[in-house]
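J.: Attaching a single structure in structure tokens format; questions to follow.
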Amino acid sequence: MTDRFQLVSPYSPAGDQPAAIDKLVANFEAGLAKQTLLGVTGSGKTYTIANVVQQVQKPTLVMAPNKTLAAQLYGEFKSFFPHNAVEYFVSYYDYYQPEAYVPSSDTFIEKDSSINEHIEQMRLSATKTLLSRRDSLVVATVSAIYGLGAPEDYLSLRLILSIGEHIDQRQLIRHLTDLQYTRNEFELTRGAFRVRGEVLDVFPAESDTEALRIELFDGDIEQLTLFDPLTGETLRKLQRYTVYPKTHYATTRERTLSAVDTIKEELKERLEQLYSQSKLVEAQRLAQRTQFDLEMMAEVGFCNGIENYSRHLTGKAPGEPPPTLFDYLPPDALLVIDESHVTIPQIGAMYKGDRSRKETLVEFGFRLPSALDNRPLRFEEWEARSPRSIYVSATPGPYELRESAGEVTELVVRPTGLIDPVVEIRPVGMQVDDLMSEIHERIKLGDRVLVTTLTKRMAENLTEYLGEHGIRVRYLHSDIDTVERVEIIRDLRLGKFDVLVGINLLREGLDMPEVSLVAILDADKEGFLRSTGSLIQTIGRAARNLRGKAILYADKMTRSMQAAIDESDRRREKQVEYNLEHGITPESVERPISDIMEGAREDAAEKKSGKGRSKSRQVAEETPDYRAMKPAEIAGKLKSLEQKMYQHAKDLEFEAAAQIRDQIQKLKTASLA
């Protein structure tokens, strides 16, 4: 373990990268609050940021617009920093239906959700890392602006153990219970502990493969050991260890009882308001629901929907922002916002949608007004909490450019020498026939084609038409979930089909080097899908191929088209000039075709369990394909496999248990996307 970032990479910065890295680092160290990295597709933006992180040596939070991109970034940073703490913080819900009320039909929808335990463990690991290590890099989505337990409570509850320390066993058990760990003498699972004489085994909630053994003698801690909870194998001995709470929302018994009192006061005030407005049904509903929750909290310290009382549990004033992941960041941290033109508008939108739903619940007596404070951060609150930031995008929005005040660092020249695709404009009248002839040319070369249309109906009709003419074509639409979307892109790269048709094929950040042609139908129809940024992003999908070309079908030149073409020409000019000056011959990007989550798969446990196997053993083992499974199926399969694994371990069949653990690891990784 080290407290310094150590970048591991087989190559060194090239093209525009060295100058960009130097400028970003100099601006950061000069105290510049906001700056923008404008990097074209395939210019190595992630590698550039990794170099910046290594040079500034600050804890880093990287925000991505969706789970798919966050997973890809997590895998890439994990490979760049194998000796450091690279963590993953996204929503842990596989499925989430928030509670809501529809007044027009008098329908109340109960909250329903399914939590992914593996992602919950990774979230806990992320916050622990931020609080305990300087070499921490966390990749997150907008989940980072949603309410979390206060870091002060999280830290005050932790259990610090040292060899030689005097501690009463009953006191130790009580402290673990306060951390919401459960006692289980039969099997040691994550977030549980067991007692055997003067030996306590604890499986930390944020750990995936290591458990802690505390050996006491006459009230003193004699030995602290990390061991494999599955096989019992000793991993290493420790002098000191800190056990963190099982959940971010853990709190003391005193704080819970204090919250019960303040909730009662708020309930009394709210009921008086409702009675004064003659809202008798709402008052009765609120009293009944809240009293039930209060009884649960007083008896067991928890209730369904306890997050709606988070203001009382954290001691915040009405209207104050909730604690979030940003409260866990040290003040000197670095914030990187990837694909900022998408991520920043998302941050602003989260609060408004949440607020309107909650106001209805409060108005009709389903929740107390304090439930409104269980919310994501407002945009201005997020701005106030953000440390020094780098916005990363091929098409930065007006907000990023304004905030950066002209500090825009360009990554236009690619290390591979590739230049931006040639952009051609052709008439709309014969666009489908012209497109078909272009597709046939590309198929002969073994390349792939992306086609983007304006409407779902047009995409469906075009897919059907191309299919009838013998072209292997697929259609990407909004009903396809994230995992299946990634699979379709992977199949396109593998050559299982040649043409992918869709409405919005920007898919920022996804690599498809085999695509040499991007066709944009009806490019002259101004709007969101044909804005300057959208056109540049879509054209960029062909930028990783030596034969890259973009065809815009249009009968007139719009301002967006002109701006996109001008920017593309400017970049090409700079790239060609650089290549001639340095004698560089452009080469297509060679990227192995693998699962987008591959980088995240290769954690220590999987590497360790795979090292000692013979080839014959690997062939004989069944390796099921989990990628096509839906989240609910994955959750069910996980539970079934875990039960089998623990049963094998209980029967001392450690080899069989280890094999199942490998399957679980693959399955958990499949669920990340």
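Just so it is clear, glycine is given a Cβ too, placed from its N, Cα and C backbone atoms.
Marked as domain 'Helicase ATP-binding' by Swiss-Prot: 26-183. Swiss-Prot lists Gly39, Val40, Thr41, Gly42, Ser43, Gly44, Lys45, Thr46 with the feature ATP binding site. Residues or ranges marked as motif 'Beta-hairpin' in Swiss-Prot: 92-115. Look at Swiss-Prot and you will find 431-597 tagged as domain 'Helicase C-terminal'. Under the heading region 'Disordered', Swiss-Prot lists 601-631. The compositional bias 'Basic and acidic residues' annotation in Swiss-Prot covers 618-630. Taken from Swiss-Prot, the feature domain 'UVR' applies to 635-670.
So that I understand the layout, could you describe where these features sit and how close they are to other parts?
T.: Gly39 (ATP binding site) is surrounded by 24 other CB atoms, counting those within 10 A of its CB over all protein chains shown.
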J.: According to DSSP, folded down to helix, strand and coil, what is Thr46 (ATP binding site)?
T.: helix
J.: Within 8 Å of the Cβ centre of Gly39, Val40, Thr41, Gly42, Ser43, Gly44, Lys45, Thr46, which other residues of the chain have their Cβ, at the recorded ATP site?
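T.: Going along the sequence, the neighbours appear as Thr48, Ala394, Leu411, Arg414.
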J.: On the 0 to 100 scale, where does the mean pLDDT of the domain 'Helicase C-terminal' (431-597) fall?
T.: 85
J.: With helix taken as DSSP H, G or I, strand as E or B and everything else coil, how many residues of the domain 'UVR' (635-670) land in each class?
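T.: Secondary-structure composition of the domain 'UVR' (635-670): 33 helix, 0 strand, 3 coil.
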